[in-house]
Every structure is written in C-alpha cells, then in structure tokens.
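As given in TrEMBL:
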type	residues	note
TRANSMEM	16-36	transmembrane segment
DOMAIN	32-167	domain 'Rhodopsin'
TRANSMEM	48-68	transmembrane segment
TRANSMEM	88-118	transmembrane segment
TRANSMEM	125-144	transmembrane segment
Amino acid sequence: MAQPHLVNDSIAIDDLAIAMTFLGLSLIVFAIRIYTRVYPKYKLDASDYTISVAVPFIILAHSFYAAAVSQGLGRHTVFVPPANMKNILLYMFIIPLAWGFATAFARISVACMLLPLAISRAWKLALKAVIGVQILTIVMNLIFKFATCRPLRASWETVPDRKCWSDEVGLRNGISLICKCLCRSPSQKERY
C-alpha cells in the first residue's frame, strides 16, 4: 500500500494563533485586575501577588511554544531539519516547566482569594492544604524534570552514555516522595 503524499504545512500555526489570542485577552483582564486593585486605593493582596508570579511563566510558555512552531513544530518530521528538531525538543522540555509554575501559582492565587471568605477553621485549613499541595507540585515538577536524565541535555538531544529513568522508576520515585512528604511524623517535620 502506498504512503499518502505528505504536505509540508503546519497544523500548529492555527493552534498558536488561538493560544496567542487567548493570551492577549488574559493579559488585558490581568492588567485591568491589577489596575482596579491599585487605583484609586492600593489594595493588592496575596492573590494578586501570586497571579503576578504566574503571568510571566504563562508568557514564557507561550514564547517557547511560538519559538517551537517557528522551528517546525506541527509539521511532518520529514520536513523538519535535525538541528531544528533539537531546538523543538529543548523548547518542549521548557514549556511544561513554565506551565507547571504558571498553573500552580494560578491555583494558589485562587486559594488566596478564597481564604478571606472562609467561614470555618476547616475551610481555612483545606485552602491552606491546597496551597501546600501546589507548592509541593512545583517542587516535584522541578525534581522530576531535572533528575530524569543525566546529563540533563539528554532530555532533548541524543548523547552518548545517557542515563534516563524508565517510566516505572519515575512512577515509583514519585509515589515514594509523596508518601514521605505526607507521612512524616511531627518530630521529623520540625527538622525541615
């Protein structure tokens, strides 16, 4: 059976246009939010500061996505030069890191926004637990992203003597780290 004719076009350009449109809209909403919290009276709170941390990470993720599309992301691999493929893989290594930070800080912002509305102590503890889990998510994201392959550049290019975790090892290590963090005794918590 003959292989169908491959077309040298990108499916990612349409996706990028949609993503950039929503990024622009969200930046406008963010600017309006900050403006209304600063003028006429300065009243920024923790939710505003944490969402302000998330925004640069969102911009960074979109920027690397645009760079990956410009290098050939979304095209058939036969049309992407090997040097560009290496760059695309590097960008695709960075994008989940930036998105991980952005989404975690956005969730922390929502929890901080709800904290003053808490009607009971249990509600406040639940929101603080959400914040703690999001911070743990950021830390775990960094640990797994940077510990998965040695040397680190083996995550996006072919290198001799690379040593990478298998999916099974990564899953076991992740479960182990989460259990250790959640199940520490009070005396162990004081040491950290």
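Note: Cβ is positioned from N, Cα and C throughout, glycine not excepted.
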I'd like the per-state residue tally for the domain 'Rhodopsin' (32-167) from DSSP, helix first, then strand, then coil. 104 helix, 4 strand, 28 coil
Outside the transmembrane segment (16-36), six or more residues from its ends: residues with CB under 8 Å to it: 44, 48, 51-52, 55, 58-59, 62, 65-66, 69
